[in-house]
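Engineer: Have a look at this one before I ask anything.
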Amino acid sequence: MRKFLKTLIPVDIFKGMKLTGTHFAKVFSTANRRKVKMHVTDEYPEVPVKLAPRFRGRLTMLKDEQGEIKCVCCLACEKICPTQVITIESGKKEGRKTKIPTRYDFEMERCIFCEFCVESCGFDSIILNHQFELAAYNREDFSIGMLGQSQNMFGLTPVGKFSYSDED
Amino acid sequence: MNATPELTLLQTCLMAVIQAVCVVLFIFIIVPLTIYAERKVLGHAQDRLGATRIAGHRVGLTGWLNRGMWRMGKVPFLSYWRGLPMLVGDIAKLFLKEDIVPTKADRAIFLVAPALSLIASVVVFAAVSFYPGALFTFPKFVPILGGVPFNGFITDMNVGLLFILGIASVGVYGIVLGAWASNSKYPLLGGLRSGAQIVSYEVPLTLSLLVPVVLTGTLNFNEMTRKLALETSPLAAPLMAVGFLVYFTCGFAETNRMPFDMPEAENELVAGFHTEYSGMRFGFFYLAEYINMVVVSALASAFFLGGPYLAPFGLHRFIQNLPLVGGPNALWYVGKMILLLFVFIWVRGTIPRYRYDQVMAVAWKYLIPFTLVLVVLAAAVRYAA
């Protein structure tokens, strides 16, 4: 009898309708209020996205207080990189005891963002920053290098240059 | 109803044209709003925003205002307004897209089918009565139409319901013919599915509409609405509630809406019956589906929810003598239609698509015997009252 009634009366459908209906009403009534945020989505292009502090974005090379590149070309990052995307060529510079990279190529299209390079760096000269707009217009643009390359490690990505979230 | 004055031929023709234009305008306002509401409601139900912008949110007045609100950390209210231009954009896109006719398609039928589908769904409104009698009378200073009443319906025919059911079932010809004329496998499958499904669901749909017909004993749209709202015995109320559910379920299948959208099941057939269509011809099918939704909700609100007569929660008893809202009101009718359109979208956000055999089983194994019992019960109630 009970099974027959269950067949006759679509209880499950009404339960589902109630669930989605109340959820819709909740979201709809709090849609325009900042305090109670029901939407999962972000207003991304207009509002900068809040990333987790440990988010791994694009590789960036750091400079010290004098504006000198910190990297000393110990090749630790190049050796530890599991996908072997880092290529370093070292050179000499007047008035600097250590070596300085003349070429630091980072082929981002194969990078897996494991952060081994950052961990292995004994001089804190590279980090993965919070830039996540990594798109580029050409395949060549994915190889990030130092100054002179279309993507260098000191500036924004080609897409990031036009991003609203990096304004202000 | 007021006694209608004798009209000249010119006046009759003019009134027919004006009323037809008004109804078509009504349809072409409510249908894009339904499409808009669909995106928004589904978006909110799924914890996202839905359509918020069409393009160029950095420029112009709205862009400036929105950026100001975002700077203040608020979601701008204009973003809701800004979802609306998407309708215009969509329609412009449909019009501007290349209209491809496959080489081996049956050209004439291929071109005519979407129009057939659209026209069949629009023509139904000729018999739908939004308001019994005259909404207003043209004042004396209007050149030709002075003193002529503007009715809440186009025609008040004695077989209104038959007309509606007859014309509504022509719509499937558009789908099946278009699918067949595409000369391609997926559309053909989709069209056949649609044909089978609509033929199956036509039966319980008509049978569930027989409940009000049996209760009132007439096929006139106005008469049926009035009698159901005001003169039917309260014994019929549970019957009508069940009849409403059955009718509405069949309405979903008739309009190829979500739980029953077999003809467009995009994971089985590429896009279903309109795979080969593009540009505005696809838009016609799209519009036809939404107009069918409006038709189904119009009939449901007229025959099962009291039409323009009953206000919700029995409010009509208290506001009967008030001006504007008292008495039968076209706004209630449209309000109920809009509520039902919302339910269409709500269901789409809730119930997943059925398998094809389940779809057919629901119609033949459950709904048809069920509605037959309903009709018998309705006859019993009619006899008892």
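Glycine residues also receive a Cβ, built from the backbone N, Cα and C atoms like all the rest.
What TrEMBL records for this protein is below:
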- B:12-37: transmembrane segment (TRANSMEM)
- B:108-131: transmembrane segment (TRANSMEM)
- B:159-182: transmembrane segment (TRANSMEM)
- B:194-215: transmembrane segment (TRANSMEM)
- B:235-253: transmembrane segment (TRANSMEM)
- B:290-310: transmembrane segment (TRANSMEM)
- B:330-351: transmembrane segment (TRANSMEM)
- B:363-384: transmembrane segment (TRANSMEM)
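A description of the local structural setting of each listed feature is requested, covering burial, neighbours and distances.
Structural biologist: Packing against the transmembrane segment (B:330-351) from elsewhere in the chain are residues 30, 34, 37-38, 41-42, 45-46, 130-131, 135, 152, 248, 252, 255, 257-259, 293-294, 296-298, 300-302, 305-312: each is 6 or more residues past its ends and has a CB under 8 Å from a CB in it.
Within the chain, the transmembrane segment (B:363-384) has long-range Cβ neighbours (under 8 A, six or more residues past its boundaries) at 197, 200-201, 203-204, 207-208, 210-212, 214-215, 217, 233, 235-236, 239, 242-243, 246, 249-250, 253.
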Engineer: At a Cβ cut-off of 8 Å, and with pairs 6 or more apart in sequence only, do we get at least 3 pairs between the transmembrane segment (B:12-37) and the transmembrane segment (B:235-253), yes or no?
Structural biologist: no
Engineer: How about the transmembrane segment (B:159-182) with the transmembrane segment (B:290-310) - do they touch, taking at least 3 C-beta pairs under 8 Å (6 or more apart in sequence) as contact?
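Structural biologist: Contact between the transmembrane segment (B:290-310) and the transmembrane segment (B:159-182): present, because at least 3 Cβ pairs are under 8 Å.
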